[in-house]
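Here's what TrEMBL has on this protein:
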DOMAIN    78-158  domain 'Ig-like'
DOMAIN    172-266  domain 'Fibronectin type-III'
DOMAIN    292-387  domain 'Fibronectin type-III'
DOMAIN    393-487  domain 'Fibronectin type-III'
DOMAIN    552-651  domain 'Fibronectin type-III'
DOMAIN    643-736  domain 'Ig-like'
DOMAIN    1023-1101  domain 'Ig-like'
Amino acid sequence: MHSLEIKNCDFIDTAQYHVSALNVKGEVSSVATIVVKRFQEGKEAGPLDPKPHGFCAEHGVTFETTIIDKFEVAFGREGETLSLGCTVIVYPTVKKYQPEVVWYRNSVPLKPSKWVHTHWSGERATVTLVHLNKEDEGMYTLRVNTKSGFDTYSAYVFVRDADVEVEGVPVAPLDVRCHDANKDYVVVTWKQPAVEGSSSILGYYIDRCEVGTHHWAQCNDSPVKYARFPVTGLVEGRSYIFRVRALNKEGVSRPSRVSEAVVAMDPSDRARLRGERHTIVLLTYLGVVPGEPCDVVVTEATKSYVVLAWKPPVQRGHEGVMYYIEKCISGTDIWQRVNTGMPVKSPRFALFDLAEGKSYSFRVRCCNSAGVGEASVSTGEITVGDKLELPSAPGNPVATRNTDTSVVVIWGASQVKHLVGYYIEYTVVGTDKWMPCNNKPVKQTRFVCHGLTTGTNCVFRVKAVNAAGYSQSSPDSDAVVVQAFQFVVYLLSVKFVVYLPALKRYFNHFSFSENVFYQFQVRAMNMAGVSKASLASAALECKEWTITVAGAPVGLHVLEVRDTSVVVLWEPPAFNGRTPVNGYYLDVKKASAGEEGWKAAHEKANKMKYMKVTGLKAGTSYVFRVRAQNLAGVGKPSAVLGPILAQTHPGTKEIYVDVDDDGVISMIFECSEMKEGSEFVWSKNYQTITDTSRLTIITEQGKSRAIFNSPSLEDLGIFSCVVTNTDGISSSYTLTEEGLKRLLDISHDHKFPVIPFKSEMAMDLLEKGRVRFWTQVEKCTSACQVEYIFNDVIITEGQKYTMNFDKSTGIIEMFMDSLEITDEGTFTFNLVDGKAKGTTSLVLIGDGKLQKKSEFERAEWVRKQGPHFVEYLDFTVTPECNVLLKCKVIKVTVNICTVISKADAGIYEVFLRDDRGKDKSTFNLTDAGKVLYLILSVNSPMSIDLYAPHFSIRDAKIAASERVKSGVTGEQLWLKINEPTEKDKGKYTMDIFDGKDGVKRVFDLTGKDRARVVGGLPDVVAIQEGKSLNLTGNVWGEPVPEVSWTKNDRELVSDERYKLKFEHGKFASITIAAVTTTDSGKYALLVKNKYGTEAGEFTVNERLGYLQSILPPAHAGALSSLNK
């Protein structure tokens, strides 16, 4: 199926349309005549219907609206932020007049909310969806209303599901709404999601949350299949929000977007609050039993529940009435009260736990403080079961080509009551994975599926959905290839213009006669033929250019359009004037500004025929003009170029430089929007490259590579690439001298790669005097080889050398049994890994200490092979003040204990000997005289002095008191300070003296304390709304801590509402001027210094009519003040 769609028909669309189909068998054609009639004023237009512009008598003009820089079909994912925008030009400009800008989604006006932000800057209209959900999917329309009419533009926005947390679970339901709200009852509805997961949806869970809290409670114990559920048990006067989760065999989906808040209250009270007027006649009798309700009916009946509704009685008590509901099983006369615990307040009630397939009768009784009234008339027998059937499968879908990324799908309508909409799915031929085209059901039977991959072969199917569930899927459509449908339509008697993508739209002609007037016309041409001629230009006389200044430059066009920059190019003027052109000036202004908005893009004359304009504002349209200069002055400006929208084309890529493994330097430009006939055109300094000796161009599919044959300073400049037959896709790369040097260095490294070392060669001395030479490389391949060299001679593994190379860790090792004098020299590891090479060396010359250490280690190893000392001869002092000389031989300890005097000074030796060898241990007791003297004096009297902190030059001795005490317990000396204060900070010194020698110990208590909250804050504060609250916390720490306050884990800032103070480095306070419900929450006082951090937490609850503060015992008296 092929179709032609003409949007916003105008009179010029009146024509005869001819379409032909041609193949090898022949040709067939068809003709249709379309007549566009004048708009009928008597018929009211729809909200999005375009209307012809008319004259505005108030301002004396006819406003013409043009919408440019239009947003295209957009795709987003749940949770992301998406902005749509258009530039609006209203001509003429009237001072202090602005058009009305309105945004629509699916023909419904959008209102600003926490989800939707709209903005009108005077020239650009934007709408921002701050947190995408599937509810945001649909057709978005911008409507610009002026006093001459209005214009519109529309495009579709698709919102994809967020990734599921568990594979196979369904995605979240959508469009949760509340209906029929009453005192303790509300009906919640939603729409089923497009994707059920790996198995069918078993049902849904409904959650509710009271506004102002964060606690979600599940409303139903078992999942409900029906997409509609009555929620009971609400508290009158409170507001609630709801959300829904889907369930299948794999698990539960993410919750849907929450519903709008709904208040549980009587509908008449709600109408009165809205200002609606109702006449209600109430007959109130004090102390009278109410009458019976009337019109008891079943409004909803499913296999899960039944909903009853009735009208209140005319006769009721002064305090109002409540209701009891009774049921009776068919075939019996026994009535059972359903709500035995508590009567309901609303004239609505949902009954659950009824047996599916059984019949019941229901009735209602009223009650008040005077008693229970008579029962209402019975509803009659009602059979429990679903009354709404599943929709039937839609008709056969037909898929037709549309664009390179979209397909139009049309299908037959489903026969069903209360249709919610349709979901369209597609799969690529050869796969069995079906993917949704839309995530929000659509009600029409025609849909354009966007976001498809060009060239893929796709099959489509459709399923309908209502509150009961999904229908069976429709039959699969015929496969269709995703690509633009090309056809030729001949419009007879209609004038049209073909815009060529050529950069050069000027022409020089020289065969004219002097003093003759000429006029010119232009025709456009494409593959379909030649257009009609343009309007004739004004008559121009051919004569010599006698003006002294240069003419206007021509051929203005732009390349490399980005969000903040654009490159403007031009050709020199046809006439230079009296002297040659020596420079140009480029002017720029916003498209919406007046003539006074022109500004020079640069100060000095530009000698090039191009210039990059920077500092543009993204999303704004600009116009440009160029003036030529010669010695006589500056000439007239060129024709205005534009408007040009400063916006980076989606998918735009920049030229990047690549250096391959062989060191070849090249520039690469990629384009994913190549069309038939598109080519890459490379330029240097925006002049087409004709000298192929410097560059070699290689193009493969959507990638072009410009290879430098021999890079040098001759190649410096701006290299640009343009893709023809596209929407101006282009990019440039500036090669500077510094950049060329960097690239040449990289090229050299690639040609001659070096193996990187993680550590250079090092040497370790091991047991037995063995020597280990080692190094580690950062990375290497399995083909890496090592050559071991000593003094330029290759050495191999043998009796003296042992080698090891662990390629997994990159560690290279070489072992020697001993280090001798002949081993002085240079040790080298040479590595070869493919083309990469690496060398590391270690020089050992004149290092006698190392050789001696090696010999010592080997001698130690030899000594330990025979009898040897594990611990050499040493001494200790016993509790009896004897000197114990001891040593340890393998597992035997030798002790010599005696009372030593000065006569025992000397050198003591112990010898070991057997058939394996011998060993000797020596102890010089002559050097231990001082130690022995102290040991022998340990029982002499000692004095202990404790000194105060060093606050002055002279030390002050601490005097004993009730607060400061000192003493000796066993072997411990102690000082105790009760209730320390700031004055107790400082350095404490303890001196021990026995009359001859002494020992001094110093302890620093200068105040290095971590930050702490030491008191002053309660655990819970309950306060009446409207009162003021002031709390003060006590803070400790040295240095003085940094203080901050948080509410619900968000930092507070001192302002008119929250006054935060920190005084004297000790007291942190918070004051809330007038407490409201929003001030309830979890608060914390955070203190921090370089030694630590601590938080004092408390909770503030707003309560009506009383004030209470609960303090823990440790914080008695903590609440400093509370202003009532």
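For all residues, glycine too, the Cβ spot is worked out from N, Cα and C.
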*Do the domain 'Ig-like' (78-158) and the domain 'Fibronectin type-III' (292-387) come close, with at least three CB pairs under 8 A (pairs 6 or more apart in sequence)?*
no
*Using DSSP, what's the helix, strand and coil tally for the domain 'Ig-like' (78-158)?*
3 helix, 48 strand, 30 coil
_As a quick check of your reading of DSSP, tell me how many residues in the domain 'Fibronectin type-III' (292-387) are helical, how many are strand and how many are coil._
0 helix, 50 strand, 46 coil
*Kindly state the mean pLDDT of the domain 'Fibronectin type-III' (172-266) in the predicted structure.*
91
*DSSP says what for the domain 'Fibronectin type-III' (552-651): how many helix, strand, coil residues?*
3 helix, 49 strand, 48 coil
_Structural state census, the domain 'Fibronectin type-III' (172-266) (DSSP three-state)_ = 0 helix, 44 strand, 51 coil
